[in-house]
Amino acid sequence: MLNYLLLATHRTQTMSTSPSKKAKTETTFVDVPSNSDFPIQNLPYGIFSTREDPENKRVGVAIGNLVLDLSVLAAEGHFTFDASFFSEPTLNSFMAAGKTTWDAARATIKRLLSAEEPTLRDDVDLQNRALINQSDVLLHLPARIGDYTDFYSSREHATNVGIMFRGKDNALQPNWLHLPVGYHGRASTVVVSGTDIRRPRGQLQADNKDPSKGSVFGPSRLLDIELEIGFFTGPANNLGDPIDINDAEKHIFGVVLMNDWSGMSMSLLSTFKQWRCPTVQTYIARDIQKWEYVPLGPFGAKNFGTTISPWVVTLAALEPFRTEPSFGPVQDPAPLPYLLDANYGKGTYDIALEVDLKPENGDYAVISKSNYRYMYWNMKQQLVHHTITGCSMNPGDLLGSGTISGKTEDS
């Protein structure tokens with residue numbers, strides 16, 4: 001059995017920058033364990049229902065071991081804007097509302113959960129209706145995902161995969177340092193963490209050394225995982241109107257952990273043993289991929305499952321963890337003007353990540369550690385490049401970072 005760490009977290013122990021150094025200390029009346037992934041500084045959004053009423057999906061926020069039901073607060077009139085979308089079964093309408101509404105919602109939620117604010121703290125009836133134990137809820141996909149795109153923005157990962165498929169002399173393609181390479185994935189098979197993934201079947205190269213011998217049909221023998229971070233888009237841009245790099249963050253709602261499944265060729269196994277698979281995971285059937293990917297890229301090897309975490313961490317929550325990319329404050333060669341991020345030196349986040357593997361009847365073992373700051377192309381650049389042709393993005397579209405590899409053997 002394959003288990004993977006998919007906690008939408010910004011736990012301070014796993015990051016080099018503490019929020020207390022950048023902002024005043026914030027406390028809540030809620031009993032939050034010291035090792036919780038959900039302190040008041042985080043407050044990720046998700047879609048939940050109770051086990052007693054599983055079809056009644058609505059918007060909640062994680063705080064400690066509880067879920068704060070925002071539909072209850074909205075019905076009580078605690079928000080300064082029309083918050084009826086907190087009763088909806090997806091976050092799409094809230095994502096579409098834009099940064100001003102996001103900031104207002106976060107400020108209100110923080111105030112109501114604050115140790116100094118009596119509104120929720122001293123109202124036992126409101127607490128009983130609005131605060132629910134996480135053990136009593138079911139978590140669902142956070143958004144109705146219209147489109148899903150996965151990028152390929154780790155230089156180390158692109159180099160490693162290039163060696164596997166093309167050899168050392170042609171590892172990094174000439175275009176890679178000039179644009180964020182990506183491909184269109186399958187939105188219909190994006191599932192929430194905990195959903196079973198079936199091993200895919202498809203055409204495999206019959207002879208690993210001689211493609212002229214055709215193919216055979218069977219299950220993927222090398223199912224791969226890819227640890228990534230995905231982000232959800234906010235307000236739409238009009239068809240034909242690209243998003244400007246200076247406005248890109250206004251169109252990014254928040255991030256999730258992601259697993260991109262894949263399938264690998266047996267002929268690449270010896271190389272793969274030295275290539276440590278990193279962190280949102282996408283599942284890839286690499287053996288299926290090897291046979292099918294020429295000339296248009298992966299298809300069936302990438303369409304059968306992508307797992308994301310149920311909680312969406314906002315950029316506001318990640319703000320204390322802004323940092324310089326591992327490659328330094330500038331890109332060389334310099335990108336074309338539309339991709340030139342004036343804040344590239346602080347355009348990424350110090351997010352420590354790891355993958356845990358649990359064999360059947362075995363114990364968990366850490367098989368990979370990495371950090372989001374290893375990404376060469378950041379979220380803003382990925383989004384801007386996606387729209388530069390005039391492509392329109394809609395609220396709730398999902399964009400994946402690509403495998404987050406790094407400079408060390410265990411990344």
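Just so you know, glycine gets a Cβ as well, placed from its N, Cα and C.
In the three-state DSSP classification, HIS157 (active site, proton acceptor) falls within a helix. The annotation active site, proton acceptor is assigned in TrEMBL to HIS157.
Per TrEMBL, the feature Ca(2+) binding site maps to ASP150, GLU226, GLU228, ASP260.
Secondary structure from DSSP puts TYR293 (substrate binding site) in coil. Taking all protein chains in view, 17 other C-beta atoms sit within 10 angstroms of the C-beta of TYR293 (substrate binding site). Sequence annotations record features per position, and here TrEMBL assigns substrate binding site to TYR152, ARG166, GLN289, TYR293, THR403.
Counting every protein chain shown, the number of other Cβ atoms lying within 10 Å of the Cβ of THR306 (Mg(2+) binding site) is 30. The Mg(2+) binding site annotation in TrEMBL covers ASP260, LYS302, THR306.
The feature domain 'Fumarylacetoacetase N-terminal' is assigned by TrEMBL to 41-142.
According to TrEMBL, the feature domain 'Fumarylacetoacetase-like C-terminal' maps to 149-408.
Of all Cβ atoms in the shown protein chains, 26 besides its own fall within 10 Å of the Cβ of ASP260 (Ca(2+) binding site). Considering only the binding-site residues ASP150, ASP260, THR403, HIS157 (active site, proton acceptor) has THR403 as its nearest partner by CA-CA distance. Cβ packing within 10 Å was compared across the binding-site residues ARG166, LYS302, and the lowest neighbour count falls to ARG166. If you take the CA of GLU226 (Ca(2+) binding site) and look 10 A around it, the binding-site residues you hit from ARG166, LYS302, THR403 are THR403.
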